[in-house]
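J.: Next up is a structure, given as structure tokens.
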Amino acid sequence: MAVFFTVALLAMAYPLMAFDIGQSTRCVAIPNQMRVCKDVGYSEMRLPNFLGHSNLEGEVVPRSEDWKPLLQTGCHPQAQAFLCSLIAPVCLDTFIQPCRSLCMAVRNSCAPVLACQGHPWPEALDCDRFPTEEDMCLSPHAKFSHFAKDLPKPACQNCPSVEEGPAMKTVLDSFCQHDFAVIAKIHRRRLPMGEPEFEVEGRVEFIRQGPLLPYDTQHLLQQWLLINLRCAHFLVRPGRSQLYVLTGSVKPDGTLALTRLFPWHKKDANIAVATRKWKHHRC
């Protein structure tokens, strides 16, 4: 995970239009080990694909898995459909490419995630190379055009401060100064093996709920960790879990920003006292 998407991005450095639609292709079953596209809605794909890969086991499967971390961030609801239409194009009588509008929708949401890891949007995915809606292509679903519009969403940000052993007043002041404060346990897998490296374990407990929604907050925080990997790596060691009090705000554009984080160790009585006093505290 330290070299995020590097292999995938290098593999996509070659021009997409090097693929010749007039060349001979064959249909093959999407293999079980190609988990990124296994539940995409069809069972057979064309080879070579739109990236020019013709070796299923040697190219297509391993390079498809390079994109799993991006998809796990949930950067766009149709990111999987877009990527799989290129790496595992559906086997029909005609070639179905993604529409330019779909590419732009996914790019606008997912390019900032790549940028957060220090990578540009791949040249091979230049949206100008894809057909417009006047042609036969895979277009955005209307039901996703306003996807989660009113829900807080994670975004790339500067790393929040992590404060060990805070004074009780420091913790209470942070509760007052921010929109929300929650208690969450962060776990980091030692060997992710295709699973997300970070996850929020168990239930998220609200101290100050603010604009957060109970059913969405655990998923929201986990997405934040996967987008802001460079920050998450400082929060917990591999194979360990750590309890945190997380405080932050939701910006006017709806993006969530974590600001001050307090690791909660057993010896931290001040945090325990602050969370009890908060119920009767006036800012």
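Heads up, the Cβ atoms here are built off N, Cα and C, so glycines get one too.
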J.: Could you identify, going by TrEMBL, the member of CYS99, CYS103, CYS110 that forms a disulphide bond with CYS127?
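T.: Looking through CYS99, CYS103, CYS110, the record in TrEMBL gives CYS103 as the partner of CYS127.
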J.: Using all protein chains shown, find which of the disulfide-bonded residues CYS103, CYS127 scores highest when you count other CB atoms within 10 A of its CB.
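T.: That would be CYS103, with the most Cβ atoms nearby.
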